[in-house]
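One structure is given below, encoded as structure tokens.
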């Protein structure tokens, strides 16, 4: 079977399994709890089966020999060298601003999404829209779709470019979304409310998702342009590390913003 078909098939199967499990969460299973438990276990087993299969395959001698032959064929001229601290620092200086920007993007996002946004409520409460559909569609689905569109846009639009500091300043300006979302409507909150219409929150969340996807993708597109070809792998590792730092900082900051939101969030 063609490699692309195998990869696509695995992704489709995982997606279908996740959608199926998500759909079951909306079904009343009080009358068939045992069957529901068994079905869930089967689906989870299928979703994790590829991991078990992968671990089994990489331990096979045939796989190891094939991978070694492939690497020797693709990179016969690359010697095995141990990187020094000077090389790490040299590459870090080149990608520092892009790594810092990427980490800051994720820090801002995780500081309020979804921890604070789950407390934003519709002004049309009580209603089916406010009680059932508002949070799943506006907070989660809308943000996810906007984030995906932002990432796709980066394939054709790379404004403002990687030179200068315009890209970094625009990315840092995303911090404005923290007070904007804190000013949205919520029940029994102590933080002031300025945006008393669902429309405002929808627009803010769309822009929040778009900028998260767009600027995050651009940071990963731009950093290879400032390093040498042989430094790309190390630069990618450093970028991932800085992104992880940003995610940790954002997660640590989120309880503070939740507390700032008001008493109904405790």
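Just so you know, glycine gets a Cβ as well, placed from its N, Cα and C.
A TrEMBL annotation is a machine prediction, not a hand-curated record.
Pulled from TrEMBL, these are the features on record:
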TRANSMEM  7-29  transmembrane segment
TRANSMEM  35-57  transmembrane segment
TRANSMEM  95-113  transmembrane segment
TRANSMEM  133-153  transmembrane segment
TRANSMEM  165-183  transmembrane segment
TRANSMEM  199-223  transmembrane segment
TRANSMEM  235-261  transmembrane segment
Please figure out which one of 133-153, 165-183, 199-223, 235-261 racks up the most CB pairs under 8 Å against the transmembrane segment (95-113). 235-261
Touch test for the transmembrane segment (133-153) and the transmembrane segment (199-223), at least 3 Cβ pairs under 8 Å: yes
Same chain, outside the transmembrane segment (165-183) by at least 6, Cβ under 8 Å from its Cβ: which residues? 97-98, 100-101, 104-105, 108-109, 111-112, 116-117, 120, 191-195, 201, 204-205, 207-208, 211-212, 215, 218-219, 222, 257, 260-261
Tertiary contacts of the transmembrane segment (199-223), defined by C-beta under 8 angstroms and 6+ residue spacing from its ends, are 95, 98-99, 101-102, 105-106, 109, 113, 117, 120, 138-139, 142-154, 158, 162, 167, 170-171, 174, 177, 180-181, 184-185, 235-236, 239
